[in-house]
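Structure record follows, encoded as structure tokens.
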Amino acid sequence: MSAEAAKIMKEQDVAETDVERRDWDEAWARVKKRLRTELGDDVFTSWFARIECDGVAAGVVSLSAPTLFLKGWIKSHYSDRLVALWNAEYGDVRRVDVVKRSPLKFPAQVKVVHSEPAPVQPQAAQEDAEDRFAGSPLDSRLTFTSFCEGASNEVAFRAARAVATAPDGAPPLYNPLYIHAGVGIGKTHLLQAIAHETRKMHPQRRVMYLTVERFTFQFVAALRDKAALDFKEKLRSIDILLIDDMQFLTGRSVQQEFCHMLNALLDSSKQVVVAADRAPGELDGIDERVRSRLKGGVVVGMARPDTAMRRKILDLRLAAARERDPKIQVPDNVLDFIARMVVSNGRDLDGALNRLICRAQFSDQPISVDACELAIADLIGDREPKRIRIEDIQKIVARHYNVSRQDLVSARRTRTVVRPRQIAMYLAKTMTPRSFPEIGKRFGGRDHTTVLHAVRKIEGLVGADQKLSDEIELLRRLLQD
Ligand SMILES: Nc1ncnc2c1ncn2[C@@H]1O[C@H](COP(=O)(O)OP(=O)(O)OP(=O)(O)O)[C@@H](O)[C@H]1O
């Protein structure tokens, strides 16, 4: 190859590289814009403002973060979303890698534009400028208004409210307030609701929401940067400290520091609220002094929400979604179905509803119970088929149609009773091994031909009436629950 040809090819390579770089740069700008819209300004700024894109090669996007904490957080919380957004904005992306940026590493654009590296602030100085001892980010949706109160959480809910609305100058009533519950039951929601409410009611109070993970990171970073005193001072100046995920507190020196901080705050009548997935006595590997200080406050547990409360949570979430997009529709029987079947926790409920909302946005057809079951199959979990009794059928059908069980077995022939009775007979025939005469006997001693007629009637209607078919499907599932 002539020197001239080699020169032209090299220039082309450089030009192509520049074009590629511009492409992924622009894609990254679009991905960030979408993230900002999805997450809101606060959350976006906390996590993504300092993330940079270093390039895309062979389907792998390389991002860099200024700290190990940010790197870990982005990887564990946003990997899947980033891959999806990059695919939408750029295409053919298999993976998004996040590495910790070296303090001397320059953003890609700087490398291209300057032949001499421009001076960069040391990492510690950059972080100082952004208050590196700030708390964990708050989600503006997690307020008391969006939290459902019920028998399983009312003590925790009321105590949390009392903390947020306590009058100025009054000594804390519950200190520390320790809230414990299983995964996804609403601990983080309550802690963040306290933070939002306090900021609204008492803007002068310094309130900080801090996960134990972030506490640990900040403590270790402060030691490394010889800023441990600043760190302690910052935490001790807080009026209300909300600590989440207490069960993750590990390491002797971190626990010691935590214990000093806890003592200092409690001794000066500052409010501390702690959340964990277990009671203080069950926190393994936690310094006995920390444990006993936590036990000495007010300990409240929250249990799983019951079906009615799960339904209430779904209603709240749907109402919020419909405020953003009034076209979204999820039929009542589908919401009933989710409330009955997704029993694990609030997070799975949210997940189930989000999937349906996403479908509802792209389809004009209201979703059926069947389609819903398919969409959320992984959230339902496996169940053994249950042995169904005719009494159970009568109970569930009566409740669903708002008649009494007595009505179903009575001689009454009003329309409001006849159709539910026929449905109950149909379910008895298709869901139990009972014969027509046996079913007739359980329905007030009716003749077997009456049962036969009812079963045929419903069979005929189900094919033509989608609403009835959905109702029957729902009843079946309620019975199998
Ligand atoms: N009672 C409730 N009312 C409204 N939403 C709820 C309720 N309980 C849980 N949620 C919702 O369920 C989801 C999970 O709740 P949250 O993150 O607070 O759980 P958690 O107990 O902190 O779980 P983890 O132990 O995994 O951190 C959130 O979206 C939350 O809003």
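Any Cβ shown, glycine's included, is placed from N, Cα and C.
Quick look at what TrEMBL lists:
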REGION    1-116  region 'Domain I, interacts with DnaA modulators'
DOMAIN    173-324  domain 'AAA+ ATPase'
BINDING   Gly184, Gly186, Lys187, Thr188  ATP binding site
REGION    361-481  region 'Domain IV, binds dsDNA'
DOMAIN    389-458  domain 'Chromosomal replication initiator DnaA C-terminal'
- Per 10 Å Cβ neighbour count, which of the binding-site residues Gly184, Gly186 ranks highest? Gly186
- Query: What same-chain residues, at least 6 away in sequence, bring their CB to under 8 Å of the CB of Lys187 (ATP binding site)?
  - Reply: Ile179, His180, Ala181, Asp244, Ala275, Ala276, Asp277, Met302
- Task: Determine, for the ATP site, the additional residues of the same chain whose CB lies within 8 Å of the mean position of the CB atoms of Gly184, Gly186, Lys187, Thr188; present them in sequence order.
- Result: Ala181, Val183, Ile185, His189, Leu190, Ala275, Asn345, Gly346, Arg347
- Using DSSP, how many residues of the domain 'Chromosomal replication initiator DnaA C-terminal' (389-458) fall into helix, strand and coil, respectively? 51 helix, 0 strand, 19 coil
